[in-house]
């Protein structure tokens, strides 16, 4: 008998701006998508195409996030765990087991769960969750780029690249920036001195 398993993964722990996203995905027993692997190993075009196929074929899926304010008040690790719990809680179909990418399990899931290091390359449900979390995170960055094109969010996706750091210096900190992350915090501290 097929056990309903969910894979859970996150996207956006490292960037200086925006939410951290998590996805939970339950796939059918017969699911097969050639080329599905860790989202970081896929081109954006391939990831977007796979995301649509996953959404269409999954038994159930849900994407959730924790905001920059929650990241600041909880810290990035706890905000990531919160986003993961929200993703699992948002599933309309309850899995019997959960596989989570990494080495930590969110508290209070009330479902048997196992952390799998590099799970996004080993377990297809985690690979699928990785793709959905990453495409949701990228969509947030494209929306932010529409509102603030001078920051280049569509190119660097919020990571602390040279372009992003220079834009931060030149244009300042946005409400969506993570104030507890060192480059943003340091810039705010410098501005407070003048």
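Glycine residues also receive a Cβ, built from the backbone N, Cα and C atoms like all the rest.
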Among 48, 89, 101, the candidate listed by Swiss-Prot alongside 9, 10 for divalent metal cation is 101
Cβ atoms other than its own within 10 Å of the Cβ of residue 10 (divalent metal cation binding site), all chains, total 28
For the binding-site residues 9, 101, the largest set of other C-beta atoms within 10 Å encircles the C-beta of 9
Not counting 9, 10, 101, residues with a CB within 8 A of the CB centroid of the divalent metal cation site are 8, 11, 22, 23, 84, 100, 102, 119, 120, 126, 129, 130, 133
